[in-house]
Amino acid sequence: MAHAPISLPDMINKHDITGLILAGGLGTRMGQRDKGMLPLHGQPLARHVLQRLAPQVGQLAISVHTDAGDYASFGLPVWPDALPGQLGPLAGLHSGMRHAGTPYLLTVPCDSPLLPPDLAARLAAGLIDSDADLAIAVTEETDPATGLAVRRPHPVFCLVKTSALPQLDSYLRGGERRMRTWHGPLKLAEVLFENHGAFGNINTPDELAALQAQGLSVPMAQAILADTVAPVAEIEELPLPQAFERILAADIISPISVPAHDNSAMDGYALHGADLGGDMPVTLAVVDTILAGRPGTVTVQRGQCARIMTGAVMPNGCDSVVPQELVWHASEHSITMAPDCIRPGDNHRFKGEDLMQGQPALLQGKLLGPAELGLLASLGIATVPVRRRLRVAFFSTGDELRSIGEALDAGCIYDSNRYTLLGMLTRLGCEVLDMGIVKDNPKALEAALRGACAKADVIITSGGVSSGAADFTREILARLGDVAFWQINMRPGRPMAFGRIASEGDTALLLGLPGNPVAVMAAFYFLARPALLRLMGADADTSTLPLLQVAAQAPIRKKRGRTEYQRGIVERDADGRQHVRVTGAQGSGILRSMTQANCMIVLHEAQGHVAAGDLVDIVLFHGLI
């Protein structure tokens, strides 16, 4: 059964927690190398830890023994040990409690890139439930000598009140060094976690190599892609109608106030709020009629009102509008109404209520949709700066592929991936360059890559990136640039290539996607799409697919340790409640299931089997596929 996502208890907000990465070790078993800076999937170990920890806390910092060194490039506060000597992780804990400006500190080691994504939430829940001063993670493991289950504490994974600093300071100055017992009389909560592998440390080169072989998590792959790419530099100034679904390249500052004047929100009568109230019906003289675009010419006094239309400028002194349907009696010269039919100030829209002159109207990175075009038009803006369209070349690889219209030989299949990619890239707003099918031939592949490099910002291939792919693919890509072949802990879509290649002075980003049709779509939407949008200059909100939660109609099988994207159908039951069910078989070659589905069910890495009724995350296909 899947565990429901745990949020931080109401009494501990994530912004009250500083996350501290402990990077002060000597790395003796790594040849005196700083473990946090050792590369894993092309990124330092500590950056993997940072990626896992960042969503769980409000602030982040790094603890080191002496100086910042390479950690300065992380853009985070780096806190050296305050006490002399080599005190191990307790020195980092001491430094963190001294510097953190939050009530709580969460510590994790720099060499544990698989730490639980709900570490902070579960430790916080344990701390609150036990009314404790600190909470540490524990796991249950089997004692090889007895075969019995034993609890193993992981005291470096610790959530502690920073007010506990005096206890730690006294402990260290007394010559003590043991991480397990520093808390002394403070109350400790032990929080049980099921996955003991999440707390493993990388202590030797062999352990690092083994982890490298296990694959890359989806969040870390997304983070590497985001950190590696930057928006195209070229900017175009386009007329407003042509800027639809383009990415804004600069902030738009409002040249006027919207609305430009105080105006009426209703058809009715503008009046003085002071004339309302009392016990008797209110009768007012009508002294003017004000239409939208035609300001009034009469000063409305107390005891008077003006007939007014929606959007018309409020006459001086009037602060309220009574809708015409609330008036008991109306003639050309007077109206009568209940004294409490509205409150003073009702139906009065103020100048600049939407935007004041000089305020930012839209920020760069915004995707210009219908609402954004309307807003810009309301400001009188005729042209806007946008990033130029991204040029993306794509082709499929494989001797077995045939184009539509060709005879289908024995053992061959029609190439569907190119048309899927064409649709996805076109919907994204890219300038697409279809380069056809490339055979499993070294010369043909190299020529295709060089040709694409001369024309495009990005090259997308499908097929040829799995562990069983021809060796020449890797040799050619190594010759043309720096390309990593990833094994990502996701299903479908495990193999992927990513890097940059060059040819005769031209460079292009390379995204090598799997060959199976559904795997291509999953890898595109959850990995390639965010990277392409970042290249297009889009902001984080635009490039991140929104997740919604819906109850599962039936159990869903799921293996822990990888992210799964299962095709689903969201529908309403007889009571009108929404639920989601899988489309059936989830093989990565069953493309028809994508046409039947209306969403992708996102089962996260830490999740196991899902029970009927459990909430699951989904991404709706509407507007996407």
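Glycine too: its Cβ is placed from the backbone N, Cα and C atoms.
What you are looking at is a predicted structure, and each value in this text was computed from that prediction instead of being measured.
Features as listed in TrEMBL:
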type	residues	note
BINDING	Leu22, Ala23, Gly24, Lys35, Asp81, Asp111	GTP binding site
BINDING	Asp111	Mg(2+) binding site
DOMAIN	393-534	domain 'MoaB/Mog'
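Structure with TrEMBL features highlighted.
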residue	record	DSSP (3 states)
Leu22	GTP binding site	strand
Lys35	GTP binding site	helix
Asp81	GTP binding site	coil
Asp111	GTP binding site	coil
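For the domain 'MoaB/Mog' (393-534), the model gives a mean pLDDT of 89. Residues Leu22, Ala23, Gly24, Lys35, Asp81, Asp111, recorded as binding GTP, reach a greatest CA to CA spacing of 18 Å. Ranking the binding-site residues Asp81, Asp111 by how many Cβ atoms sit within 10 Å of each one's Cβ puts Asp111 at the top. Cβ neighbours of Ala23 (GTP binding site) (same chain, under 8 Å, six or more residues apart in sequence): Asp34, Lys35, Gly36, Ala46, Ile62, Ser63, Val64, Tyr71, Gly92, Cys110. Cβ-based neighbour count (10 Å, all protein chains) for Lys35 (GTP binding site) stands at 21. The Cβ of Gly24 (GTP binding site) has 25 neighbouring Cβ atoms from other residues within 10 Å, across all protein chains displayed.
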